[in-house]
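K.L.:
Next up is a structure, given as structure tokens.
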Amino acid sequence: MNHLNKLMERLGHQFNNLELLKIALTHCSSGADNNERLEFLGDSVLGFIIASELYQRRPQAREGDLSRMRASMVNGDELAQMSTKLGINEYLQLGVGEQKSGGKRRRSILADALEAIVGAIYIDAGLETCRRCVLNWYGERVDDLSKLSPKKDAKSLLQEWLQARRLPLPTYEVKITGEAHAQTFTVNCYVKGLPHKTEGVNTTRRRAEQIAAKRFLELLDDGKGDGITERDQ
């Protein structure tokens, strides 16, 4: 019995070309054919599927609200949790160093692998099969799309706060450390004319920027940072 049969059962798709699934599970640290190209494709396919569902289920929502709702459905945390729920982490192929450093628990690796699998299913069986699988993974969250509230992320709220007061837009300075497959992003956020400077650190640039923006908001007098998320948008 193929060791990937159990995973394919969880995914809801039996691959015609099993090599596609194997590549989707292979991280760039392994030194073999890896999942980066499939991840690139899967990111777009996943975004389209969720955007299409939102468009149909939220006919009154504006473009900006639709964008924020889509981002909340496909952000790194959401995808990493779904990847773990499907048991994808059990089948990942990593390099020795990445394996020892806990790569099978790394949020970015889990999210990337899920996107790569979306790309692999799309190539293997087409859009409709891919759509069926993706919507099944999301489960009840798909039914909740009609009730989903479009929350703004920290960077958007900070920009709106500054624009309302005719202040300059924030500057985000980024420093990258670590190997290519295990990078850490340190982002400093500041605004010309204001005394504050905040820092955000994460394994993705966008999330580090959100953390820095949220911390900056929390320093402002009216407490705009309360209750917002550091969503990876």
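Keep in mind that glycine also has a Cβ here, set from the backbone N, Cα and C atoms.
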K.L.:
To which of GLU36, GLU39, GLU179 does Swiss-Prot also attribute binding of Mg(2+) at the site defined by ASP112, GLU115?
P.N.:
GLU39
K.L.:
GLU115 (active site) has how many other Cβ neighbours within 10 Å of its own Cβ?
P.N.:
25
K.L.:
Excluding GLU39, ASP112, GLU115, which residues of the same chain place their Cβ within 8 Å of the centroid of the Cβ atoms of the recorded Mg(2+) site?
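P.N.:
Those within range, site residues removed, are ASN35, GLU36, LEU38, PHE40, GLY42, ASP43, ALA111, ALA113, LEU114, ALA116, GLY119.
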